[in-house]
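Trainee: In case it's useful when we look at the structure, here is the feature table from TrEMBL:
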BINDING   E70, D88, D91, D213  Mg(2+) 1 binding site
BINDING   I90  Mg(2+) 2 binding site
Amino acid sequence: MEQDTAYLYEQACNFVAEASRLLEKPLQENALIESKRNVDDLVTEMDRAVEELFRRRVTEYFPAHGIVGEESGEKAPKNGCETVWYIDPIDGTTNFVHQHHFFVISVGIYEEGHGKIGIIYDVMQQEWFSAVRGEGAWLNNKELPKRSSVKPEEAIFGLNGRWLIYGDKQQVCRNLTAKVRSTRCYGAAALEFAYVAAGRLDGYISMKLSSWDYAAGFVLLEETGCSYQTVQGGPVISFNEQGIAAAVPGLDLWLQKQLQETGIDKK
Ligand code: 2AM
Ligand code: CA
Ligand code: CA
Ligand code: CA
C-alpha cells in the first residue's frame, strides 16, 4: 500500500476507534432524542458529538480535505477539495436509541470522486469492515474473499419493510421478496452493504439513501467483486440522495432486470 494511503487509512481507523468509545456507554435516560422528517428518522446528541469529533480530527490532521456528514447540513463538499470524507456518525440511530445492536460508524474517503477507503465499524459487535481501493477488503484484519454468484432463489436480501407503504416501491419490494429465499432488515444501510461484501447477505436494496449512507459501503462492495446500481437499474453517477441496490456478481444482472421491469419513478 502506498505510504500516503496507509497513513490516511491508519488515521481514519484511529478516529473511528476514538469516536466509538463515545458510543459504548448506554444512552442516558435524559439523553436528547429528536425526530427529523418522520418517526423513524431520529437524531441524538451522540450523533452530533461523533460527527463533531470527526470534524475536529480531520481538520487538524488533513486540513485540505473536505467533509460531508449527515448532521451538519452540508450535502456537498466545499469547492476545490480533492479528497472528501463522507461520514455517517451513527448509521442505525433507531437501533442505537432502542439499545439494540446493529449501529455503525461509517466513513468513506473519496479522491476526485473515486472511492479510496471505506470503514464501517459495528460498535457493539466490535466488527471492523474495511476496504482500500486496489488492496482488498477485511473483516477484523482477515481478508474477505471475492464473492461469487448466488441464485435468486437461494439469495438473502436486506430490505426495510417501511418501503412496503409506498405504491411504486411496494411493487419492487413485493417482487423481490417473492423471488428470493428470504429477506432481513438490520436497519443500518452501511452495515447491510458491509454484510453483502462479507457474505452475510447476497443483496440489499433501499429506496432513499444519502452519500454518507453508501460511500464507505461502495468501496467494500467493489473490493469484494460485488456491484451497486440505482433502484431504476442504472449506474450510480452522483452523490445525490437516491435509491440503491447492491448485489453479488451474477445476481446483480438479475436484479437489474427486475428493477427495470418493475420500474420505479425517477424521483
Ligand atoms: P441513519 O440511521 O443514519 O438515519 C434504516 O432506516 C436505514 O436507512 C439507516 O441506515 C438510516 O440511516 C437510513 N436512512 C437514510 N435516510 C433515512 C431517513 N430519511 N429516515 C430514516 N432512515 C434513513
Ligand atoms: Ca439519520
Ligand atoms: Ca445513515
Ligand atoms: Ca446517521
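Cβ atoms here come from the backbone N, Cα and C positions, even for glycine.
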Trainee: Around the Mg(2+) 1 site recorded as E70, D88, D91, D213, what other same-chain residues have a C-beta within 8 angstroms of the site's C-beta center?
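Mentor: Same chain, not in E70, D88, D91, D213, Cβ within 8 Å: I87, P89, I90, S106, A189, A190, S210, W212.
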Trainee: Sorted by position, what residues of the same chain at least six away from D213 (Mg(2+) 1 binding site) have a C-beta under 8 A from it?
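Mentor: Expected: D88, D91, S106, A189, A190, S206.
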Trainee: I'd like the Cβ neighbour count for E70 (Mg(2+) 1 binding site), meaning other Cβ atoms within 10 Å of its Cβ, all protein chains included.
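Mentor: So the Cβ neighbour count for E70 (Mg(2+) 1 binding site) comes to 23.
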Trainee: Are any of the binding-site residues D88, I90, D91, D213 near ligand 3, with a Cβ under 6 Å from it, and if so which?
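Mentor: List returned for ligand 3: D88, D91, D213.
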Trainee: Please report the three-state DSSP label of D213 (Mg(2+) 1 binding site).
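Mentor: DSSP call for D213 (Mg(2+) 1 binding site): helix.
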Trainee: Including all protein chains displayed, how many Cβ atoms other than that of the residue listed as 'Mg(2+) 2 binding site' lie within 10 Å of its Cβ?
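Mentor: Here the count is 30.
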Trainee: By a 10 A CB contact count over all chains shown, which of the binding-site residues listed here is most packed: D88, D91?
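Mentor: For the binding-site residues D88, D91, the Cβ with the most other Cβ atoms within 10 Å is D88.
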